[in-house]
Amino acid sequence: AYVTQEDVLLGTLTVRESIAYSALLRLPSSTTRHEMKEIIENTISELGLEECADHVIGNWHLRGISGGEKKRLSIALEIITQPRLLFLDEPTSGLDSASAFFVTQSLRNVACRGRTIITSIHQPSSEVFALFDDLLLLSSGQTIFFGEAPAALQFFGEAGFPCPQMRNPSDHFLRCINSDFDHVNNALMGSQRIRKIEDGCNQVMCLTTAEIRERLLQKYRISKLAAVRAKIKEFSVRECGFVYEESRGSHATWLKQLTTLTKRSFTNMSRDFGYYWLRIIIYILVSLSVGSVFHDIGSGYRAILARGACGGFVSGFMTFMAIGGFPSFIEEIKVFCKERLNGHYGVGVFILSNFISSFPFLFVMSLCSVSITYFMVKYHPGFSHFIYAFLDLLLSISVVESCMMVVAALVPNFLMGVVVGAGIIGIMMATAGFFRLIPDLPLIFWTYPISYMNYMAWALQGAYKNDMIGLEFDPPEAGQPKLKGSVVLTTLLGIPLRHSKWWDLAMVALILLVYRLVFFSILKFKERAIPMFHTYYTKRTLHHLRQRPSFRHTPSSFPSKRHHVAVSLASQEGLNSPLH
């Protein structure tokens, strides 16, 4: 299993719920309820999460658990299946010393139960450093030391770089192998913070980082620690004894994953006020405003344009507001990416569960909006006409949400995603047939194919047909025959009557399905393409790094003045910051 550096969690769930959902998603479906509960409680106890087990994790409007507790929860979610090998990326970053120690101690407890834990860590405290069994020191991609952690002090001492008594060993190691300290020295010299070299300094410690690293590398090559590589080679040539088994990250059935994800997503949506509840309130307020502005619109001649304007507002702006759920969906897709990385479930299950869990909220949102506007404006009477208007708005909002999912898959950034999504919806509004009639659009690109790909064009045509066909409107001058709704559609609004309104509704549903399939395809493509891109980028980066002087085995006879160290590393311990 793999624990990322960033704690990607659903803030509306409690600690116990998060672990329970993870267990349901990954453990075999044959696991009994009693066994499942026992595994969950043991995991909570193993990571020391008893006191916060029933507290929500926390998000922008809910106060939650601390950073250390979030990190331990992230670990708990991955050890629920008892993995033999656990990777962690800087588990103590951003934590205070007490939280960092607690997290590392929890990891050590997990390791003591027969599991191997490999973690990258930057500048741990002396207490945290003492908890590690083995240590691997890397500098510019090269192995400086690999062996038991306590033996590192002896190794550095024998190489001529003993650790001062009152210094943290990890700090001393970094001082010796991290080239950033050379840059600090140069900056201090440039600002004249370093004025003289102490006469009694250790000349060995006055070397540049590249020279120190070269001596350590030579020491490592001839030391008994290099026997580790021989041991690894011995393992690799054995015909039997070590067997590698690759297993899926989840053993639950597809149906169990779907029901669990749907329940978890619905719980998150219902508890996150900004996901749907705020939008439902805004939709109701906007619907009341629209209903009062176009109240009892009537069937006069001026009512023709008023009905068209009201239909354009509902099909355009009220569906445009569906992009308001983009920030919450971004958080959910981050959780999906992390869980997909560890093989918790598939892409199809995630997309289907998201649609099922969001459908009740979209249903309520559309029903409230249509109920208010339809009866206040007094559209075409009849239950079938009301149902059509409801389905038209429901599918339109669903299409916008699906469109924003595609945007989120391509632009996983909140501000950029909102801008891109708003631009796409703006283009759809411009070619929907309200601001300019569809027959008057330029044929190239805007009519073919944009208007045919535009859900809003089909939805607006269906809404106009649903409202106006069967009605009669007053003529522009008294004494003239009344205008039939079908004539108004073809002459004033430029809407052909070659097909029925239900065909328009079916096209909106088809566009909804296409957006979901595009979202699925993008996620699957990224799964295959991103590892290939990372491999190419890594090879290219290593190629450039090998050209750098720090990778040469022999230090230059004419070291650059840029790396000249004016003061020994040992004498810099009490040096003030150049900012003070």
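Here the Cβ of each residue, glycine as well, is placed from N, Cα and C on the backbone.
Quick look at what TrEMBL annotates:
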DOMAIN    1-93  domain 'ABC transporter'
DOMAIN    122-177  domain 'ABC transporter family G'
DOMAIN    257-466  domain 'ABC-2 type transporter transmembrane'
TRANSMEM  273-294  transmembrane segment
TRANSMEM  306-330  transmembrane segment
TRANSMEM  350-375  transmembrane segment
TRANSMEM  387-408  transmembrane segment
TRANSMEM  414-438  transmembrane segment
TRANSMEM  445-464  transmembrane segment
TRANSMEM  502-523  transmembrane segment
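Nonlocal intrachain contacts for the transmembrane segment (387-408), taken as residues 6+ away from its ends with a CB within less than 8 angstroms of a stretch CB, comprise 314-315, 318-320, 322-323, 325-326, 329-330, 333, 351, 354-355, 358, 362-363, 365-367, 369-370, 374, 379, 417, 420-421, 424-425, 455-456, 459, 462-463, 466-467, 501-502, 505, 508-509, 511-512, 515-516, 518-519, 522.
Spatially, the transmembrane segment (502-523) is adjacent to the transmembrane segment (350-375); three or more Cβ-Cβ distances between them are under 8 Å for residues at least 6 apart in sequence. Along the domain 'ABC transporter' (1-93), the predicted structure has mean pLDDT 92.
Counting residues 6+ beyond its ends, the transmembrane segment (273-294) has Cβ neighbours under 8 Å at 60-61, 306, 309-310, 313-314, 317-318, 321-322, 324-325, 327-328, 358, 361, 364-365, 368-369, 372-373, 375-377 in the same chain.
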